[in-house]
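First up is the structure itself, then whatever we jot down about it.
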Amino acid sequence: MRQLNQTGYMSNRGRQLVASCLVHELGLDWRYGAAYFETQLVDYDVGSNWGNWQYLAGVGADPRGSRQFNLEKQAHTYDPKGEFVAKWCGTACDKLNALENLALDSVDMVDWPIAASAYLLIHHPQNKESSS
């Protein structure tokens, strides 16, 4: 998300991983992510953005679940030396790991604006309640 926020760009793999994390790990509505990406991407395309978010969420023209990425496996496959994570996350990763045991209360998410959802992608640990 820092790459997106600073440059207006993110690779397709990065976009898929963010969508998977937002929808499947944090349990947030995919439309928050699609709308946020719409405001940030310099190469924004309506069909690609909203279509890919729908696809990953398992809704739309090809509805089915289990389009969840294994984030750890993806990191080992596409960033085996951790260079991308080090560049874009740095010491913030240590802070996130310290917050790991905090749970996100779904009641707190009611009527949140899109910007709050983007904040969660950057600053909040995985929602363990929704993934069990």
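Every residue gets a Cβ built from N, Cα and C, even glycine.
The structure displayed is predicted, hence computed values, not measured ones.
Residues or ranges marked as FAD binding site by TrEMBL: Asp43, Tyr44, Asp45. Residues or ranges marked as domain 'Cryptochrome/DNA photolyase FAD-binding' by TrEMBL: 1-90.
Sequence features, as recorded in TrEMBL, placed on the structure.
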residue	record	contacts (Cβ under 8 Å, 6+ apart)
Asp43	FAD binding site	Gly8, Tyr9
Tyr44	FAD binding site	Phe37, Glu38
Asp45	FAD binding site	none
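Highlighted in sequence order, Leu41, Val42, Ser48, Asn49 have their Cβ within 8 Å of the centre of the Cβ atoms of Asp43, Tyr44, Asp45, the residues recorded for FAD, and are not part of that set.
For the domain 'Cryptochrome/DNA photolyase FAD-binding' (1-90), the DSSP-based tally of helix, strand and coil residues reads 57 helix, 0 strand, 33 coil.
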